[in-house]
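Undergrad: If you scroll down you'll find the structure; I have some questions about it.
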Amino acid sequence: MSTEPSKTLETFENPNPERDYTIRMEIPEFTCLCPKTGQPDFATLNLEYIPERHCVELKSLKLYIWSYRDVGGFHEALTNQILGDLVAATQPRYMKLTAHFNVRGGIWTTVEAEHHGR
């Protein structure tokens, strides 16, 4: 597996697909670029999901998150793009992504996006 940023999300088979259980991940080092100023934006991402048949592989998730370092985008658009890519890769029963962006201009921004499967 590569150590370079990548838009590829790898998965593995859910070891207990007959059961609902929740996977929670905290990703404290998300960075992207402000589309207006080009300055870096920093966020902590909280991912919560109930898998169906596949779970996201952690190293590929890390490399995927790194791939946003030089990407410009509004907080709302990037949060929904990441959720959409994760849903496409894993097809979960439920998934929620919460992005807690650091203060910019005296304003903290939190964006929550959800997917309800089944």
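Each Cβ is built from the backbone N, Cα and C atoms, and glycine gets one as well.
OK, Swiss-Prot features for this one:
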type	residues	note
ACT_SITE	Cys34	active site, thioimide intermediate
ACT_SITE	Asp41	active site, proton donor
BINDING	Val56, Glu57, Leu58, His75, Glu76	substrate binding site
Undergrad: If you count the C-beta atoms lying within 10 Å of each candidate's C-beta, which of the recorded positions Cys34, Val56, Leu58 ends up with the smallest number?
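TA: Ranked by other Cβ atoms within 10 Å, the recorded positions Cys34, Val56, Leu58 bottom out at Leu58.
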Undergrad: Around the Cβ of His75 (substrate binding site), how many other Cβ atoms lie within 10 Å? Please give the count over every shown protein chain.
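TA: Other Cβ atoms found within 10 Å: 19.
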Undergrad: Where among the recorded positions Asp41, Glu57, Glu76 do you find the Cβ with the fewest other Cβ atoms within 10 Å?
TA: Glu76
Undergrad: Rank aside, I only need the closest one: which of the recorded positions Asp41, Glu57, Leu58, His75, Glu76 has its C-alpha nearest to that of the residue listed as 'active site, thioimide intermediate'?
TA: Asp41
Undergrad: In Å, rounded, how far does the Cα of Val56 (substrate binding site) sit from the Cα of Asp41 (active site, proton donor)?
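TA: Here the two Cα atoms lie 25 Å apart.
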